[in-house]
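A short write-up of the structure that comes next.
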């Protein structure tokens, strides 16, 4: 018996790709997104002082990727909000997360075993969004590889890419937290994933879309669940990047840094000249006269 017959991965992948994400997986996606919003400093206080601003931030966490992708493709950025069921579901999650009596909803979903289940379900939605973004861009720009990659990337990590704008709604400005300068694992994985889906969509990668969705989703679930369970921020791409990036893009020279540092040390302005005895006596006389007045 062949391995493909013993393990019908093709049928499993096709069934998995056809699995609907609404409402079960979308609910998990909204729960984790709003949960991360509540983790932000000052988010709870803001929900009491300005519930509308808190709701807007929650909607950006839930639908920011759709808004950013629509802006890139020249479509109405509020188009997704016509989906009343999703907006009402996300609003219900936001209300329960911040205003549930005795904080019961938050305590239940933040319990680690339950949270890991929701995190895994969120990655299912993320990969579907990357695939849908690439497919939609391919329909509009059949030969636009970079359009496909940009759309798939923002579909998978649009919330993180809009984090600075979302911070402004909360009255916080942290430009050093720019997601492009310091990519988190989901943002970087979404970038690599959208390259794979673009190659598959343009028939340069000999694999079916259903199989790619299945295997990339499994990869994302394993990595994200492990990182969440261990509270780790280390990227699984780091070992490969540390080998390839210095070869392709070079590395920062320590000698250049020390030379630059020495240059700045030498170029300090000279100290001011010491005052003469006559100037010191004149200053003393002025202070005494001012004190007498």
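Think of each number as a place in line: the chain as shown, counted from 1.
Backbone N, Cα and C atoms are what each Cβ position is placed from, and that goes for glycine too.
TrEMBL does not curate its annotations; it predicts them automatically.
Cross-referencing 52-73, 118-139 with TrEMBL places the feature transmembrane segment at 52-73. Only residues 6 or more beyond the boundaries of the transmembrane segment (52-73), in the same chain, are considered here, and those with a CB under 8 A from a CB of the stretch are 29-30, 33-34, 36-37, 43, 46, 79-81, 86-87, 90-91, 93-94, 97-98, 129, 133, 136-137, 140, 147, 150-151, 154-159, 161-162, 165-166, 169-170.
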